[in-house]
Amino acid sequence: MKKWTKYFVYISVLFLIYALWKADYLIVPEINNYLLMAGSVVFLIAGYLTKSWVWTQTLKFKNLPVTFHGGVTSVGLAELGKYIPGKLWIILGRAGYISENYSWKLKDTSYVSFYTQILTIWTGLLIGAAGFLFIPIPAKWAIVFIAGFALLTLILFVPSLQDYLLKISNKLFKKNIELPVIRVGELIRLLPFFLFDWLIRITGFALLLGALSPDFLQLLYLPGYPLSVTLGILAVFSPGGLGIREGVLVFWLHQGGLPIETATTISLVTRLWMLFGEIAIFVLALILKRISTKTDNAKN
C-alpha cells in the first residue's frame, strides 16, 4: 500500500473510533424479521458496489477509465474518510488512490470526484424534494427547501449564472473557487446511473424498516433516507454527518406520523446499519488492495 493511502486509512480509522465514542451509538436494535434484515444488508453492500460503479462510470465518461476493481478499492478505502472533519477527505481519498495507481493527474481525478459527489448530492436532494410533496409538513418549510433546491439546480446547470456567482464569491473571499460545470447533456447521460445507485440504497433502507416492524414499511418514509444522507454530506464539519443525518431522519419520520421516540430509535439503528456497510466495504477494499499488491509483485 503506498504511503499516502496508508496514512489516509490510519487517520480515517482513528477519527471513526473517536466519532463513535463521542456519539455513544453502541445500542443493540430489536429485530422482528431476520430475513428482511439479511436482505437489507445485501442491498446495503450492493449500494456501496453501485456507488463504486457510478464512480468508475463517471471517470470513464471524463476519459479517465479505471477498472471496477479499482473503483471499489478506491471508494472502500476512502469511505471512512467522511469521519474526518472537512468532508474533502472522502473526495481526495478515492481521487488519490486512482491517481496513484492509474497514473492520472490528481487534479483531474479530484475534479471528477468532486463532480461525482455533487451529482450524488443533487440526485439525493431531488428525491427528497419529491418526497416533500407527499409528507405532511408545514408548507413554508417545503417551499423553502424546494426553492433552495431549484436555486442550487440553476447554479449547477447554468454556466453563466455559476460564473457570475463565482466572480462575486472570489472577490468577497479573495480565493479562486471553482465548481464543476455540469452540462444538461452530461446530466441526461449520467442521471440514470446515479438514480439507480439511490434506488439500490433506498431498497436496503426499506428492508431495514420492514425488519424492525411491518408498520414502518411505508413509501412516504423512504425519501427521508437520501435526504438525510445528502444533508449529512453537506454538513462539512460534522464527522460522517453524525447528528445531522439522524436529526433529519427523525424529523422526516416524525412528520410522517411516527412518535418521536420511535423515529429516534429507527434513526440510530439506521446509523449503525450504515456503519456496518461502511466497515464492510472498507474491509473489502483492503482485501482487494492486498490481492492487487500480490498480483503486481508476482508480475515483477
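Cβ coordinates are placed from backbone N, Cα and C, and glycine is handled just like the others.
According to TrEMBL, the feature transmembrane segment maps to 7-28 (among others).
As annotated by TrEMBL, transmembrane segment applies to 34-54 (among others).
Among the features that TrEMBL reports, transmembrane segment is placed at 114-135 (among others).
What TrEMBL lists as transmembrane segment is 141-166 (among others).
As annotated by TrEMBL, transmembrane segment applies to 187-212 (among others).
What TrEMBL lists as transmembrane segment is 272-291 (among others).
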Stretch contact, the transmembrane segment (114-135) with the transmembrane segment (187-212), Cβ-Cβ under 8 Å, 3+ pairs: yes
Among the ranges 34-54, 141-166, 187-212, the one whose Cβ pairs under 8 Å to the transmembrane segment (272-291) are most numerous: 34-54
